[in-house]
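The annotation domain 'MARVEL' is assigned in TrEMBL to 13-148, 153-297. Feature annotation from TrEMBL assigns transmembrane segment to 44-65, 85-109, 121-141, 153-178, 190-210, 225-248, 272-291.
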């Protein structure tokens with residue numbers, strides 16, 4: 001049989017620095033959810049979220065390693081570089097969230113009432129959850145775009161910021177549904193419309209990049225993304241002004257947390273979270289706009 005190309009297996013997928021980082025991600029991820037499932041335990045929405053994060057990231061990372069090791073990614077009709085860069089950033093954000101939530105809600109210093117063995121398993125799981133976050137952060141650092149380097153859009157600062165913007169928007173949505181009373185005023189409903197519109201368009205931008213549809217001749221994708229980012233900055237500026245006024249001004253809301261508000265079920269707390277992350281996303285969009293002036297899209301990497 002005559003050979004028609006290079007080797008069938010790509011050993012660099014597991015021996016390169018990025019490949020080693022991914023192997024560590026698989027190891028740490030498997031160890032984390034195994035410790036939790038075996039003895040550490042989890043419950044309620046917080047524990048379920050953490051288990052979802054670890055199992056989801058583990059499954060996708062195994063898929064990425066398998067595809068690169070066997071060259072199967074060349075058969076997929078997506079921009080592989082954009083996909084792996086986007087997932088690495090998303091996994092970094094998800095893993096750091098789980099690494100904070102799990103020990104916050106499930107780890108304690110004393111043995112009572114869960115027992116010392118369960119406590120030790122939970123501490124060990126928290127340690128490996130932190131290591132998992134470090135491993136994904138390392139991949140983002142290794143694959144990020146360098147000055148003057150031709151690379152995938154999602155590996156640039158602007159592309160990575162798109163993932164962070166969407167993630168922050170999800171935090172805002174979580175606070176909105178937690179009895180934030182956003183429907184009380186038309187102005188706060190406008191803010192919700194701003195968050196929703198920017199989230200949807202940001203996800204569409206990521207989807208176009210991952211599927212390699214940024215080079216369509218009839219659609220100026222690069223210019224459209226810059227225009228959208230500028231529009232998102234203006235929209236978030238309006239939300240950053242309107243939301244605090246209608247939530248914390250004494251005429252419409254409460255400048256201080258009500259004393260009788262139950263912990264975890266207080267609309268004021270949700271409103272504060274939304275206000276904080278509104279300013280976070282505004283800053284992210286401003287930085288994104290600044291960086292988007294200096295990049296060029298590459299859809300086929």
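Heads up, the Cβ atoms here are built off N, Cα and C, so glycines get one too.
Remember, TrEMBL labels are computer predictions, not curated facts.
Tell me about the setting of these features in this model.
In the predicted model, residues of the domain 'MARVEL' (13-148) average a pLDDT of 94.
Across the domain 'MARVEL' (153-297), the DSSP tally of helix, strand and coil residues reads 105 helix, 0 strand, 40 coil.
Here the transmembrane segment (44-65) has Cβ contacts under 8 Å with residues 13-14, 19, 22-23, 25-26, 29-30, 32-33, 36-37, 73, 84, 87, 91, 94-95, 97-98, 101-102, 105-106, 129, 132, 136 of the same chain, all six or more residues outside its ends.
Among residues of the same chain six or more beyond the transmembrane segment (85-109), those with a C-beta under 8 A of the stretch's C-beta atoms are 25, 36, 40-42, 44, 46-47, 49-50, 53-54, 56-57, 60-61, 64, 119, 122-123, 125-126, 129-130, 132-133, 136-137, 139-140, 143-144, 152, 154-155, 159-160, 163-164, 167, 206, 209-210.
Sequence-remote contacts of a segment are chain residues at least 6 beyond its ends whose Cβ falls under 8 Å from one of its Cβ atoms, and for the transmembrane segment (121-141) they are 18, 21-22, 24-25, 28-29, 31-32, 35-36, 38-41, 50, 54, 57, 85, 88-89, 91-92, 95-96, 98-99, 102-103, 106-107, 114, 160.
Tertiary proximity for the transmembrane segment (153-178) is limited to same-chain residues at least six positions away from its ends with a CB under 8 Å from its CB atoms, namely 81-83, 85-86, 89-90, 93-94, 140, 143-145, 192, 195, 198-199, 202-203, 205-206, 209-210, 214, 270-271, 273-274, 277-278, 280-281, 284-285, 287-288, 291-292, 295, 297-299.
Nonlocal intrachain contacts for the transmembrane segment (190-210), taken as residues 6+ away from its ends with a CB within less than 8 angstroms of a stretch CB, comprise 78-79, 82-83, 86, 152-154, 159, 162-163, 165-166, 169-170, 172-173, 176, 182, 221, 225, 228, 232, 235-236, 238-239, 242-243, 274, 278, 281, 285, 297, 299.
Taking Cβ pairs closer than 8 Å, the transmembrane segment (225-248) reaches residues 184-185, 187-188, 190-191, 194-195, 197-198, 201-202, 205, 254-255, 268, 271-272, 274-275, 278-279, 281-282, 285-286, 288-289, 292-293, 297 in its own chain, all 6 or more past its ends.
With a threshold of 8 Å between CB atoms, the same-chain residues lying at least 6 positions outside the transmembrane segment (272-291) that come near it are 156-158, 161-162, 164-165, 168-169, 171-172, 175-176, 180, 191, 195, 198, 226, 229-230, 232-233, 236-237, 239-240, 243-244, 247-248, 257.
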Reported in the order helix, strand, coil, what are the DSSP residue counts of the domain 'MARVEL' (13-148)?
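Residue counts in helix, strand and coil order: 113 helix, 0 strand, 23 coil.
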